[in-house]
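Here is the structure we will look at.
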Amino acid sequence: MAPVKVFGPAKSTAVARVLVCLEEIGAEYELVGVHIPAGEQKSPAHLARNPFGQVPAFQDGDLMLFESRAIAKYILRKSASDLLRESNLLETAMVDVWLEVESQTFDIAMSAITFQCLTIPIFMGGITDDEIVEENLEKLKKALEIYEARLSRFRYLAGDFISLADLSHFPMVHYLLVTPHASVLDAYPHVKSWINDLMDKPAVKRRKMAPAKVYGPAMSTNVMRILVCLEEVGAEYEVVPVDMSTGEHKRPPHVSRNPFGQVPAFEDGDLTLFESRAISKYILRKHGSDLLRESNISESAMVDVWLEVESNHFNGAMSPIIFQSFIVPMFMGGATDMGVVNENIEKLKKALEVYEEQLSKSKYLAGDFISLADISHFPTVYYLLASAHASVLEAYPRVKAWIDDIMQRPSVKKVTEKKTCFGSAPFTNVARVLLCLEEVGADYEIVDVDFGAREHKGPDHLAENPFGQVPAFQDGDLMLFESRAICRYILRKHRATDEANLLREGDPSEPAVVDAWLDVEALRYEPAVHAVFVQRRVVPALGGEPDERVIAESVARLRETLAVYEARLEATRGYLAGDEVSLADLSHFPYTRYFMEMPDTAPVFGAYPRVTAWWERLLARPSVRKVAAMMSGGEG
């Protein structure tokens, strides 16, 4: 059997969620890199795997899936793992509850925090928005209070057994622990103990591997040299800024990492290194890269020769040019010394003559193979191309072609390129549950919750839904919250009367596809429609003016999603998960109903004839008609 394939970068939290499940069951898999900065996720090949142009995508033979939690469930079902607890209806319902909490509450707050604390400063060269961080830390704390109460009663979230609901937290927890805000956990001892337990699991350890740390400004040439090697091997890493303008590089603790008081410094576990080319070699050796050509002594020697040429000749001339052309005028407020620049341009030309001759004999410097000797030139070449002296290359066509080749490498693009969930309207979530109860013909009672009197925040309701929201659902001694988890429980319990088989259970691949599109509905479709609903219905009801910018942005996001739906429905000629209706379809109904009642937004659907026909098929279902009447205040 060919190993399954996971498409996406290992450091993506969504990809990591899939990988930890594969590690948990001991499955063979191949991780296929997707170069996000170069836009590879939007290429036709990847869009065929994930129509939203995101990661991960997952391939198992002829089956192609997207949405990380749906993939995770498929993996665990196929291997008959007990992490879904599907042999026990009540336990699997609790797994679904806490998996939805992770998706809708924990992950949302953490995504904003990690984006601001890690992605923006490290990968985008921007400044963290502390206001956004603080806002989401408050959201995270509210969630952690509920987690703390839950974990004071049970060892794990769904009960006294570990499940996917726990493991699914690992990717975001991993990044939380390396942010400046890890101390937020100190106030929640049960949560902290649960996290320590989680991070100690063998599958998590195999995926965790604390990222290497690179100390220095991301746009330093010596730091860039290391980063491009880390990108070449697909390693996780963290860039730790060093403020050289304040002399931080000359003071402890940095001088304990680099005794010359320079950058970079590099930490990998207990190992600390300095000198960028030595660090580069370590990275490539550790990860088994062929960029050192160490399987061939002659080729390896030629790599060393040209690496030394780069250090002593090319870099020796380029460093003063960069310093005078960029550092002096931009960061020191001085005037470029053209005498120094011209002197070193002449040195550079002499080196380029030798390079031109060498590149007439082979495609790359050390031979007809790319190596560290070539890639090591990238940082200074990058600045040469951005300077007023880039035209010096015109006299050396082979050098210019060689540089063009290097600059097109995905790793190089990654280093150089710069680079929104949502709440839910309570009644829509109740309607989602009612639809499923109607589908299976179950008897039920609706108990009103008085929001005006803040009954949802009272102790009785908080015992039923610790987030102080609706719905809450009671079946005997079982109490559930989170509407989609409740729906799954209802459909599983009443499988005998669920004539439509709305979860498509049987073959593992079918419920996985349902899960994928259910995740799409929760994470892509609902947020956009919800935002419009709030602006058009809720804000005016409270005496405010709708924010037309928010509406326009949300409608634009919705159009992007509907375009994917249109293509999907053309392929299936029926419903989102296949040719038969499923929970993935019905789950769209509550918000779509409100959306279609708004005169300036309902025409959005008109541009998508297959989506419109799909909606009309849903409206024809007796359960939908019954719940629609209830939402309007009628008896159905």
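Here the Cβ of each residue, glycine as well, is placed from N, Cα and C on the backbone.
Please treat TrEMBL annotations as automatic predictions, because they have not gone through curation.
Feature coiled coil, per TrEMBL, maps to range 338-365 of the set 30-57, 338-365, 394-421, 534-561. Feature coiled coil, per TrEMBL, maps to range 130-157 of the set 102-129, 130-157, 466-493. As a summary of secondary structure, the domain 'GST C-terminal' (296-427) carries 96 helix, 0 strand, 36 coil according to DSSP.
Cβ atoms under 8 Å from those of the coiled coil (338-365) belong to residues 302, 306, 309, 313-314, 316-318, 320-321, 324-325, 371, 373-374, 389, 392-393, 395-399, 401-402, 405 of the same chain, restricted to positions at least 6 beyond its ends. Between the domain 'GST N-terminal' (2-83) and the stretches 210-291, 296-427, 507-636, it is 507-636 that has the most C-beta pairs under 8 angstroms. Residues 94, 98, 101, 105-106, 108-110, 112-113, 116-117, 163, 165-166, 181, 184-185, 187-191, 193-194, 197, 466-467 of the same chain lie 6+ residues outside the coiled coil (130-157) yet bring a C-beta within less than 8 angstroms of a C-beta in it. Broken down with DSSP, the domain 'GST N-terminal' (2-83) shows 33 helix, 16 strand, 33 coil.
DSSP labels the residues of the domain 'GST C-terminal' (88-223) in these numbers: 95 helix, 4 strand, 37 coil. The residues of the domain 'GST C-terminal' (507-636), classed with DSSP into helix (H, G, I), strand (E, B) and coil, number 97 helix, 2 strand, 31 coil.
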